[in-house]
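Asks: Next up is a structure, given as structure tokens.
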Amino acid sequence: MLAHDFLKKDDRTFKPTSSSRSAWYFCVLVLTKILRCIGIFFLDILVKGVHVVSLLWLVKICASALLLPIQKPLSHGHTLRRPTFVRIAKLAIVNCLIEVLWFYGITFCGPLRSVLVFELSPSVLLVAMASIFKGNSSTAKSRGLFFLVIGYLSLLLLDRDHSIEDPHDVTHGHHSGLNHLFYHLIATFGVSDHQGGVAILFLALVLRIGYDNSFRHLAVEIGGPKRLYSLSVIASLTHFIILLFIATVFVMVLDFYAESVCFQHVADPVMAAARWSPVTMFSCALGLAWVWYAGQGLEDHHVTSGVTITVVAFVLASVSLTSASGPKHRG
């Protein structure tokens, strides 16, 4: 979230409890991230019985039904011109592409691994990339980059997927042709579903960096991020209904509003979003996966030593890459 803003300031001394009001809003952010994590696990339940693209459309419709009466983006604010609508439509298309990749990543490697890869803050990844290409990073940044690489290597090399016993056309016959295309593409490279899902999620994360930057600039022009988010969601449009509603509120709506409130009231909102949001979700996802899969004896997407190492490495990377810059590393 606002990854480019993070690079503009190095002397960060963020304290969530700098004031009682700031601490309260920070707790709201942490709680919302836990709810978002639970919502992603609900999406994993839903995706087992519904086409991925169909589920995404249902989630978009529910989110639009909630955001349209709350924000009223078409009637509030100044009148939008046609070129602005075209830019919003383009942004919505990119957002749809990112979310399709995200949903397929959940399908291939499960909710825990999707949280580890996709919920890593774009700010953290951008700082790591800057450390690589600039070559003058501090000790903390170098340490964070090391942990980030260790985390990805653990997911790709140590997190073996032994649970696939049937051909994908049998176990995932209800999915669309796009789903089979992803499976054939993964099989072509000779990697497991988990490794293919990690690659898809990483691609979505990289695309999200550019999307966040475009979103910020366009939001300034049309009257704020809430209005733009509502327009973008609208443009991209029992047990099952309850899960769908909860997942939509937790993942698509509540999380966005909590981050917006945090950016208005927390002392250093970029630090809060870049460091504590992913750390909260990583820890919560590991706990949920441990209880959900181990408790029910499920073998698909179970917790492995590789994914546990990744959780620890990504937490340390998020903390190190968002720390204040110390003396430059020489050598």
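Placed from the backbone N, Cα and C atoms, the Cβ positions cover glycine too.
Heads up, TrEMBL stuff is auto-annotated, nobody curated it.
OK, TrEMBL features for this one:
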type	residues	note
TRANSMEM	22-43	transmembrane segment
TRANSMEM	49-68	transmembrane segment
TRANSMEM	88-106	transmembrane segment
TRANSMEM	112-133	transmembrane segment
TRANSMEM	145-162	transmembrane segment
TRANSMEM	182-207	transmembrane segment
TRANSMEM	228-253	transmembrane segment
TRANSMEM	273-293	transmembrane segment
TRANSMEM	305-324	transmembrane segment
Asks: Among 49-68, 112-133, 273-293, 305-324, which stretch has the highest count of C-beta pairs below 8 Å with the transmembrane segment (145-162)?
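Replies: Looking at each of 49-68, 112-133, 273-293, 305-324 in turn, the most contacts to the transmembrane segment (145-162) are made by 305-324.
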Asks: As a test: from 112-133, 228-253, 273-293, 305-324, pick the stretch that has the greatest number of Cβ pairs under 8 Å with the transmembrane segment (49-68).
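Replies: Comparing 112-133, 228-253, 273-293, 305-324: 228-253 has the most Cβ pairs near the transmembrane segment (49-68).
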Asks: Under 8 Å, at least 3 Cβ pairs, sequence separation 6 or more: does that hold for the transmembrane segment (182-207) versus the transmembrane segment (112-133)?
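Replies: As far as Cβ distances go (cut-off 8 Å, pairs 6 or more apart), the transmembrane segment (182-207) and the transmembrane segment (112-133) touch.
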Asks: State, in range form, which of 22-43, 112-133, 273-293, 305-324 has the highest count of Cβ pairs under 8 Å to the transmembrane segment (228-253).
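Replies: Stretch with the highest Cβ contact count: 22-43.
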Asks: Six or more residues beyond either end and a Cβ under 8 Å away: which residues meet both conditions relative to the transmembrane segment (305-324)?
Replies: 6, 10-13, 112-113, 116, 120-121, 123-124, 127-128, 131, 140-141, 143-148, 150-152, 154-155, 157-160, 271, 274-275, 278-279, 282-283, 285-286
